[in-house]
Amino acid sequence: MNQKKQINHSMSCQPQPEPQQQQQQPQQQQKLNYFHFHKPIHGKIAKTSALCYTWISLGLYSEVLGPTLPTLMYNTKSNYEQIGIALSTRAIGLLFGSLIGGILSDRYKSLRSIFIILSLIVGAITTLIVPWCLNVIILTVILFIAGFSHGFLTTNGNPLLASVWEEKAAGPFSLMHSGYGMGAALAPLLVKPFTIPSNSNHNNDSLVTNITTNQQNNTTELVLVNAIIPYSIIAGIVLLCAFYFFIITCIDHSTNSKSNGIVSLKGDNNTKITSSSSSSTNQIFSKKSSKKLNLNYFINYFKFIQTILCQKLKKLKKIYLIIISCTFITFFTIVGNERVYGKFMFTYALYGPIQLTLNDSYIINLIYWLCFCLARILVFFISICLSAHIILVTIATGTLLSSIGLCILPYEKLWFYICTILFSLFKSPLFPSTLATMNHSIEINGFIIIIVNFGSSFGATILQYTAGRLINLYGQFIFPYLVTGTSILLLMTSLILILTLKHIGNRFQNDHHGHIMIDTIPESINDHNDNNDHNDHSMITSLPRSKFIGSKLTTNIPQSNINPIDNNIEKL
């Protein structure tokens with residue numbers, strides 16, 4: 001009895017929640033609900049809107065270089081060949097950013113949004129610095145960093161969108177990539193109000209000769225821009241995009257505490273199965289993140305390249321080698337062609353054989369990027385009715401025909417406007433349509449985006465340098481012929497890629513028939529030593545690998561086939 005009294009007395013001594021506190025708790029929960037996505041579709045739309053805004057920012061700070069190219073050449077006292085090298089270095093930065101971003105995108109799937117935010121911040125900083133560069137070497141370094149952030153962003157943004165919409169990603173891909181054209185169309189509108197009126201005393205003959213390639217015309221107007229103000233505005237827009245993406249990420253995290261990570265389960269037969277797991281993924285990440293990064297971690301990146309090129313490709317079937325090769329060449333021509341036209345179109349219209357006025361040059365640049373944006377929005381709706389394969393063949397053929405028109409039609413304002421508009425309408429959807437075509441047969445993951453960005457960066461590097469050198473040597477008339485040559489190569493590789501993907505089939509319809517996909521999964525180096533120590537799985541010694549694995553299985557996984565790491569996680 002005494003013990004019961006003591007227990008009752010102790011319970012009575014404990015502080016009881018007041019009625020006001022009990023009423024405040026539901027109110028606090030209601031307030032928190034305002035920061036949640038009430039339906040999954042709301043989260044998908046919010047993420048897609050953030051990615052569209054991201055691609056608008058990407059188009060702004062990437063394509064503002066075109067209208068301000070004469071100004072950058074004037075500030076750095078460089079010619080077409082030197083500025084072409086600087087632009088090519090930006091593409092080299094995109095290559096390295098794609099490599100590192102693709103590896104991290106596959107390793108830390110739940111951190112893709114954070115990686116995008118960091119890329120936007122770096123892009124804003126480099127945009128602020130570009131107009132202050134008075135030396136071509138400094139400009140080259142800044143453009144390399146900007147290209148690195150560009151590649152790092154795309155290798156995380158494209159897989160993020162593909163994971164959100166899965167088999168329905170064709171339309172969202174076109175919608176997201178239309179943001180690039182929208183941002184590129186806004187760039188000349190921001191630049192034009194800050195154009196400096198040309199004076200004969202301001203532009204000397206040496207600079208005019210340096211900028212123009214038509215030596216017979218020494219009175220060509222040199223277009224200069226007060227680039228500090230528009231570049232600062234664009235940097236502010238990019239920072240605002242990073243903040244918006246951060247808000248969407250926080251709301252999505254509070255709504256869905258389950259991460260989108262993928263846990264690899266390795267069985268005795270050395271097969272791997274992917275399954276989503278919130279708690280295990282978070283614990284794996286917490287263990288890995290506690291390890292300090294050192295030089296060995298970055299050395300493994302180069303080991304990854306060596307593994308891909310020297311070891312893994314020997315074991316792959318010819319059909320997958322064809323896919324990888326065609327993907328590389330296709331995006332080599334798509335992005336290289338796009339960068340050449342976007343960067344050198346303004347100077348071709350102004351200083352080329354057509355000799356447009358300054359206002360007409362700004363107008364055609366604006367029309368080009370508006371059509372670029374409009375075409376991707378149209379493909380968003382067309383993809384509902386037509387398959388991605390048909391769309392890709394149609395627009396690749398239209399790109400070739402419109403580029404041929406630039407070469408054979410008279411050098412007149414009307415024909416140039418018509419060919420430029422048609423080229424923009426057909427050229428614009430090539431990038432997202434190719435990704436959507438591939439997404440039907442293989443998963444769009446970090447490894448695929450690495451191949452895509454490798455081809456993109458090499459194409460932008462080689463073709464921009466080639467365009468700058470040829471224009472500097474032979475004149476502006478060489479510009480449309482370079483565009484036509486790359487369009488021919490684009491159509492050929494696109495047809496080969498489509499036929500190869502058709503042979504594989506639709507991965508969403510063949511999930512139960514052993515469908516194959518290309519993936520990048522972290523593998524411990526110690527696995528090559530027959531897994532002597534099952535508990536030693538350091539993040540620093542892990543090496544990403546490329547492997548063809550089976551798609552999702554509907555059967556239950558035997559408990560005996562689960563990796564010891566996963567057993568330890570479940571016990572925790």
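Residue numbers in this text run from 1 along the chain shown.
A Cβ is built for glycine as well, from the same backbone N, Cα and C atoms used for every other residue.
Note that TrEMBL annotation is computational and uncurated.
Check TrEMBL against the ranges 357-375, 376-394, 414-432 and you find transmembrane segment recorded for 414-432. For the ranges 283-305, 444-466, the feature annotated in TrEMBL as transmembrane segment maps to 444-466. The transmembrane segment (478-501) and the transmembrane segment (82-104) are not in contact, since fewer than 3 Cβ pairs between them lie under 8 Å (pairs 6 or more apart in sequence).
Packing against the transmembrane segment (228-251) from elsewhere in the chain are residues 35-37, 46-47, 49-50, 53-54, 56-57, 60-61, 64, 68, 113-114, 116-117, 120-121, 123-125, 127-128, 130-132, 187, 190-191, 194: each is 6 or more residues past its ends and has a CB under 8 Å from a CB in it.
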